[in-house]
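Feature annotations, reproduced from Swiss-Prot:
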{"type": "ACT_SITE", "residues": "His107", "note": "active site"}
{"type": "ACT_SITE", "residues": "Asp110", "note": "active site"}
{"type": "BINDING", "residues": "Glu238, Glu274, Asp302, Asp345", "note": "Mg(2+) 1 binding site"}
{"type": "BINDING", "residues": "Glu274, His277, Asp313, Asp315", "note": "Mg(2+) 2 binding site"}
Amino acid sequence: MAQSHSSSVNYFGSVNKVVFEGKASTNPLAFKYYNPQEVIGGKTMKEHLRFSIAYWHTFTADGTDVFGAATMQRPWDHYKGMDLARARVEAAFEMFEKLDAPFFAFHDRDIAPEGSTLKETNQNLDIIVGMIKDYMRDSNVKLLWNTANMFTNPRFVHGAATSCNADVFAYAAAQVKKGLETAKELGAENYVFWGGREGYETLLNTDLKFELDNLARFMHMAVDYAKEIEYTGQFLIEPKPKEPTTHQYDTDAATTIAFLKQYGLDNHFKLNLEANHATLAGHTFEHELRMARVHGLLGSVDANQGHPLLGWDTDEFPTDLYSTTLAMYEILQNGGLGSGGLNFDAKVRRSSFEPDDLVYAHIAGMDAFARGLKVAHKLIEDRVFEDVIQHRYRSFTEGIGLEITEGRANFHTLEQYALNNKTIKNESGRQERLKAILNQYILEV
């Protein structure tokens, strides 16, 4: 039986509380760049970054892949069933405390096992939610978001809200209903929808419009129920182009924004964007962040990175300073993430199987984003790119360009202007110069 909250559980015995020691430190269990109380642009690093630990990769993943068995050595995994669920809560909050992580996130099936019926499943969930609530009461950690796992169980083989089976649609609705109740009880600042099975494998047996309509109906029902129970957290939808489905409906930021606007959901949802999902969609992470930002729909981030040589969702910990800098540049330009945060939807490699590797990995990710924050803030403060962009588009601030932006031009006037204009002169975009400046800031700030 897992020990009670009051007992001295110590799953990470070799790890003390991780503190900031600075870049000269050689201690692998210390922050080199993440100084939670350092003030940058009027806010502390902790306030800017709002780090969150993902329950699924950190406490439930066992290292199984399609070619091999589990490798992870977890001191809580000798328990079974509900005892295992309780032990994971103990391990989670020990790690949250040692990393001083302000937030965490989970799927419903991460924290409690399914029972033989929906009623039994909900009872299991209630027990663990009660335990988590007790631990949260005695700590400073908050729930960034929770969500429903509607992709693992075989009942979701054809999807959840987009299933061809109305019984499955009803089950999914019941599961999200419970998820929203859990969000309210635990004070989740957001609720996430990720439709891993919401898509299709072939159009030969798919009514695409009907499935999209049903998905929208489902989302509206969720909005209505949140209002009914007075849950006020931000709804987030997470794009991904494929895996496990061949074609997922919320392919990328642009596709998801179009869906939200088409079905009148854009006032209720923002986007939870993941770096590895961006690369799977053929985009850079900063592209997805910019696309959401300019539409006013950037809500939260799943912080990770994909392997450039692999074509699937590798969910590596984010250590690429180039990427973290450009991500934080977009987040700062957005005025922050509001109720969102940087959730480490990342897993240690299968060969990094010892418990301490979980801590090393989170330190690496937190330091990488802390460094990215400082560089991005300095880039914005110095107007490195803003001045270049302003100069590049200056032709639209006067003359015919100003007439275009003010709506005073039409095809007739533009044709006349083009006929009279004898010369068109373009200027270099100077991409290489800008990349060199970016490298200089990353190395020197």
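Note: Cβ is positioned from N, Cα and C throughout, glycine not excepted.
Under the three-state DSSP scheme, Asp110 (active site) falls in the helix class. Proximity of Asp313 (Mg(2+) 2 binding site) to non-local residues of its own chain (separation of 6 or more, Cβ distance below 8 Å) is seen for Lys240, Glu243, Asn276, His277, Leu280, Gly306, given in sequence order. Glu238 (Mg(2+) 1 binding site) is 14 Å away from His107 (active site) when you measure Cα to Cα. Cα separation, Glu274 (Mg(2+) 1 binding site) to Asp315 (Mg(2+) 2 binding site), rounded: 9 Å. Within 8 Å of the centroid defined by the CB atoms of Glu238, Glu274, Asp302, Asp345, the record's Mg(2+) 1 site, lie the Cβ atoms of Trp194, Lys240, Asn272, Leu273, Ala275, Asn276, His277, Val301, Ala303, Asn304, Asn343, excluding the listed residues themselves. Between the C-alpha atoms of Asp315 (Mg(2+) 2 binding site) and Asp302 (Mg(2+) 1 binding site), the distance comes to 10 Å.
Between the CA atoms of Asp110 (active site) and Asp345 (Mg(2+) 1 binding site) there is a gap of 13 Å, rounded to the nearest whole number. When Cβ atoms from all protein chains are considered, those within 10 Å of His107 (active site) total 20, not counting its own. Taking each Cβ in turn and tallying the other Cβ atoms within 10 Å, the top scorer among the binding-site residues Glu274, His277 is His277.
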